[in-house]
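A.B. asks: Quick one: the structure is below, questions incoming.
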Amino acid sequence: MHTPVLLQQAIDSLDVKEDGKYIDATFGESGYSQEIMSRGGKVLAIDLDISQLKGHSETAHSQFARSLSRMTLKLVQGNFADIERIAKENNFDSVDGIIFDLGLSMGQLGSLGRGFSYKNLDDPLDMRIDVNSGETAADLIWRLKESELYELFAKNSEELRSKEIAHEVKISKKIISVSNLITAINRVIPYKSYNTYAKIFQALRIEVNDEFSNLRRGLEGAVKIINKDGKIVVVTFHSLEDRIVKNFVKNNNYKLSEKKPIRSKSGYKFERSAKIRAFSI
Ligand SMILES: C[S@@+](CC[C@H](N)C(=O)[O-])C[C@H]1O[C@@H](n2cnc3c(N)ncnc32)[C@H](O)[C@@H]1O
């Protein structure tokens, strides 16, 4: 079963009010949306990955239909970078709370065929969240010069051996699958370093999906549609994402609910790097 990361703490930070309007900017496997509805909120949910909406909308709908039929859930396939437009088109342009739970869900990471996980060796190296647009990770690696790939790895992963890894990747024959990339990394690190695999894969995924820039645009859009007392909550998994949120709040003099980000106390591996920041404008 899918366990959304920091579910209770994240939704507590949203401060859900009966009949309030909320945007779940990252619907995923519907856990957050369901929790908001179970606390009495109406939800507009967005996801860039159409298979997430198709796969999990039924659970969310039936769950809420069973409990409280007056609640609503609207689902939209789209990029949260366009949150202002999507909200206005769906009559959710003055909302009581917005939540972003960044990255990928556990189901997406484990799913075959996209190349998100270093564990699925036979997968093509695609990594696009929206499979209908943009460049795949394989094409990105092919297009970038060695120095650009090095910069990408160093910036997005802070992996110390980024330079050697970029070199090995570029001297390999065209990298098209997960196993091709793992083989190139292994030439730099001759033992299995799952931590390095995870960092390099995440660095590529961030670039392929323009994740940092989407987050900035998402925050800029969110502050235009939030009510004065509404909360914007962001769950991050990467130190650079957290920095973007922190600086955005600071530079605009918005009000953080807590000075320090909320972190998990559960000790679950997948929650360890998660941080929650909540703020109002
Ligand atoms: C960590 S999961 C969310 C899990 C969700 N909170 C739950 O309870 O199941 C992140 C989701 O955000 C989606 N996503 C990633 N980038 C996005 C973007 N720019 N716009 C909209 N959705 C995005 C992913 O497809 C994924 O389904």
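Even glycines carry a Cβ here, placed using N, Cα and C.
The model shown is predicted, which means the values in this text are computed figures rather than measured ones.
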A.B. asks: Look at the S-adenosyl-L-methionine binding annotation in TrEMBL, where SER30, GLY31, TYR32, ASP47, PHE80, ASP101 are given, and name the residue from GLN108, GLN202 listed for that site too.
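C.D. replies: Checking GLN108, GLN202 against TrEMBL: the S-adenosyl-L-methionine site match is GLN108.
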A.B. asks: S-adenosyl-L-methionine site residues SER30, GLY31, TYR32, ASP47, PHE80, ASP101, GLN108: biggest Cα-Cα distance, Å?
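C.D. replies: Across SER30, GLY31, TYR32, ASP47, PHE80, ASP101, GLN108, the two farthest Cα atoms sit 18 Å apart.
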